[in-house]
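Have a look at the structure below before the remarks.
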């Protein structure tokens with residue numbers, strides 16, 4: 001890989017480090033989030049042993065790991081891209097000797113790595129001390145989960161890019177981006193595991209990329225999906241990654257053409 | 001009075017701006033409602049799997065949610081200060097604000113107002129009426145007055161919290177504030193606080209008192225035999241005043257600091 | 001009466017030190033280090049009412065910091081500042097009603113709607129009575145020829161049109177002191193001239209005091225009776241532009257075109273005994289540099305007497321060069 005891209009990751013990482021209020025408040029807020037959802041689910045379970053195929057213990061782990069993985073894959077690339085399109089600075093990016101979208105993705109990765117190492121790891125330790133979270137014992141599960149986490153990042157970033165690139169077509173895509181955020185949070189399974197949805201909605205979800213961001217990997221982590229099934233999940237993630245590449249490249253190519261012809 | 005006139009002037013300019021992008025207007029309203037609706041969906045989905053949430057029925061939880069939407073809509077109309085530190089501190093628009101003869105926070109609030117959020121309040125009222133009917137609640141004249149008082153208190157609580165968070169921008173160099181992160185925490189005040197453990201309940205009541213924007217004041221209107229009425233409901237306006245005042249002081253101190261340190 | 005009275009005005013900032021690399025950044029996360037930077041170092045100056053004063057200096061010299069203190073945005077660390085009879089940072093809201101501010105790089109107008117809407121809003125903010133507002137607006141619109149622009153949204157205006165609207169916006173409440181921060185930046189010559197003429201007229205008719213910062217010394221030459229030059233937080237010159245020129249330009253250059261080819265030695269023989277330098281450019285043209293100490297007429301009469309001359313051009317050093325020279329000599333001396 002080109003060294004410049006590594007540098008972009010590094011710079012974003014350092015930039016994130018420079019804002020310590022964000023850092024400290026981020027840890028606290030993620031912990032409160034996980035805590036609140038933990039109690040909320042406790043109350044929802046009441047004295048029922050399983051709901052939507054989850055035991056209480058699995059649910060606790062699910063909530064913790066889902067929020068923590070969200071810390072890694074979450075980014076604001078949609079907003080950044082849309083802003084750069086709107087103020088016209090994207091035109092300059094076409095003449096630079098790098099791929100704009102890759103640069104953006106690397107920035108997102110720098111941000112994600114920052115949160116992974118400085119939020120997730122300490123946050124997870126903290127959460128494990130307070131709540132009855134059961135971590136997987138096999139090394140294999142850990143390894144496969146980490147690979148899945150990378151795909152979660154990639155797929156979420158791709159969706160963000162699509163939402164951001166939409167700014168090429170409409171003057172103000174603020175509403176669209178917000179809608180996208182709702183859909184990702186709701187359908188990826190951070191807030192409710194997809195298996196809790198009514199049957200018809202769960203059926204629709206099978207055909208959308210959102211569950212590949214949180215629900216499927218977190219299910220592997222909690223031990224609900226094992227062995228060969230886990231590999232299947234990985235395959236599904238890879239498939240979505242490949243499928244989502246197509247519309248992005250298509251829009252990008254068209255936008256580039258339009259910019260060259262109309263001069264922005 | 002002068003600020004009321006200013007409000008009207010700013011509102012006219014807002015309306016004119018919006019009319020230039022008509023299509024976006026409805027998309028934004030819709031996405032806004034959907035954003036809030038996410039939590040309603042959560043409630044509805046969860047109640048597919050259980051009868052009660054810590055002793056509260058679905059209609060009761062939805063009722064609380066409906067109440068929450070009213071102060072939230074009012075709050076969002078006036079205090080959408082999400083990009084404050086980017087726009088006013090990093091890009092330096094605070095300087096312009098400070099060269100105008102009106103209180104700086106008032107100017108910023110007016111410049112950023114977002115009246116479509118009021119539609120959310122309206123939806124909240126509708127949700128309250130529907131779930132209230134399911135619960136067999138009756139609203140008399142005093143209830144309506146009480147409702148207004150509590151809503152005002154809740155808005156003050158909300159405004160206080162967010163003004164304080166926004167004012168952090170004066171103290172920290174961080175460009176993306178913690179406001180978006182806070183977004184999730186506000187949700188928890190909508191659920192019966194009894195389900196949380198002591199620490200979180202304490203935080204939601206006294207530190208970041210989102211419970212005063214949702215479950216406490218809303219419980220006032222529930223039937224007495226539900227056992228959910230909270231005596232803290234009547235404290236809402238007091239908590240609102242305290243937090244709003246403290247936030248304003250913190251803000252003014254922040255402005256002083258900004259003017260001392262510059263950018 | 002003094003419009004601006006500044007005495008021993010000082011402003012220092014605490015600037016965060018960023019330690020290098022990942023380790024440094026991690027250390028910064030726990031404990032920060034700061035350095036004190038003195039942006040404005042005890043400066044004093046007085047500007048009487050009705051004066052147009054240019055405030056110049058390189059980037060980072062402390063110009064903006066001074067302007068921000070004068071307009072009440074920043075609170076000084078120490079020293080006295082009185083503008084239009086107010087201490088700017090104390091009674092901010094009352095004070096700002098009497099001043100107008102234009103930041104050349106930033107807009108004070110609503111982006112998406114007609115310019116006139118912004119003006120109406122500003123009328124309310126500054127509480128200008130409707131009648132006064134009308135009169136004032138008509139006058140300004142006529143002066144700056146804004147007529148048909150008033151209903152256009154700001155984003156559809158050219159930079160020059162926008163700047164003229166910014167000026168109107170800052171003058172609607174008839175301030176007695178106007179602060180302009182880089183008012184002509186990025187504008188073409190035509191618009192620049194128009195704006196200069198407008199400011200000149202404003203100053204003549206309404207007696208508006210104007211303080212402007214600029215990088216364009218033509219602004220200064222066209223407008224300012226007085227220049228304050230800042231370097232590294234201190235005033236290094238305060239006085240008229242004329243004095244600045246005569247004090248700092250060490251001499252003048254005269255270009256000759258001869259009728260017949262002349263050798264350098266010949267030229268030098270004509271001006272024997274005078275402290276003069278010849279720089280021949282070719283056989284027929286040469287430049288002569290003479291310091292102020294040398295009498296121009298004496299030098300000229302000697303040369304004219306000695307040879308036949310086709311053309312003479314006296315080359316005045318321009319302000320840009322003088323200013324550059326001052327900065328360079330300051331850098332050397334400090």
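From the backbone N, Cα and C atoms, a Cβ is placed for every residue, glycine too.
Outside the transmembrane segment (A:21-40) by six or more residues, the chain places 60, 63-64, 67-68, 71, 115, 118-119, 122-123, 126-127, 130-131 with a CB less than 8 A from a CB of the stretch. Taken from TrEMBL, the feature transmembrane segment covers A:21-40 (among others).
Away from its own ends, the transmembrane segment (A:52-73) comes close to residues 26, 30, 33-34, 37-38, 41-42, 45, 112-113, 115-116, 119-120, 123-124, 127-128, 131-135, 149, 152-153, 156-157, 189-190, 193, 195-196, 213-214, 217-219, 221-224 of its chain (Cβ-Cβ under 8 Å, at least six residues beyond either end). Annotation source TrEMBL lists transmembrane segment at A:52-73 (among others).
TrEMBL lists A:113-136 (among others) with the feature transmembrane segment.
The transmembrane segment annotation in TrEMBL covers A:142-170 (among others).
Annotation comment: TrEMBL describes A:182-201 (among others) as transmembrane segment.
Within the same chain, residues 101, 141, 144, 147-148, 151-152, 154-155, 158-159, 161-162, 165, 168, 209, 212, 216-217, 219-220 sit at least 6 positions outside the transmembrane segment (A:229-252) and bring their C-beta atoms closer than 8 Å to a C-beta of that stretch. Marked as transmembrane segment by TrEMBL: A:229-252 (among others).
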Give the nonlocal contacts of the transmembrane segment (A:113-136) in its own chain as ranges (CB under 8 Å, at least six residues past its ends).
9, 12-13, 16-17, 23, 26-27, 30-31, 34-35, 38, 57, 60-61, 64-65, 68-69, 71-72, 74, 142, 145, 221, 223
